């Protein structure tokens, strides 16, 4: 009897051990459950909010610990710990061998003999012919009117049934320096073809994320002044070439009184376009001390201090271009 009892006790102990292991494994499984694995919407959102709150708390603790370590190091006269640099696409990119350097004599010597030198040296005034593909769209005319307001000395001609070769011959005879062809697909402008005359080069830009002026809230109306041209990050050999192509579309003597700015920003082979005019406004200068907020004159009246603030106002469309082909 005693042996049997011992045997039953051992079995119960084994069962208890198994139950303990099962409870531990269940707890492990519960801790590993992700919000996306929960089918109930309310529970899933509650679990997601809880995890989000935990991450915020941990982030605050890390910031407080880092600030405390910096403060302690400054009090002791030691060097503070180095700041963490976030990992981004830009700082992890491999160095490009084709980036132009300021001391590249070959590159700058070629600028004096390329196809755009006569325009960029102001020996020739740029004259642009804008046309469309065979089948125009509903937003095509609106986009072309925006291009006419952006590019000075640009002229629009209907495509009709003419071939592109005949249009190029006509543009050469009329002393046009460039041709811009607006291509459309599914009733939307989706590409730009820019051709330099008389001997090229030609660039094909894919057009995306087009927003017209009428769709922008609080937009400004562009004036007839020649705009200032800003080119950012066109640093590679191809980028330098594309930058000079874009420069050849605009006059090289901007009217600064018009306060118009046309910006082309290159980032990861995408050319972002913006058209702004800068505005100067006078605002009250807010100071930290309540005593210095307003200065009193001899009569004891309050005269607020004013400062001039510059801001940008969007004029015409915002879009970005992708460059898949250049010849």
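Using N, Cα and C of the backbone, Cβ positions are placed for all residues, glycine too.
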Per TrEMBL, the range holding region 'Disordered', considering 284-303, 304-323: 284-303
Counts by DSSP class (helix H/G/I, strand E/B, coil) across the compositional bias 'Basic and acidic residues' (39-49): 9 helix, 0 strand, 2 coil
The domain 'Brix' (126-327) [mean pLDDT, rounded to integer]: 81
Within-chain partners of the compositional bias 'Basic and acidic residues' (39-49) [C-beta distance under 8 Å, separation at least 6 from its ends]: 33
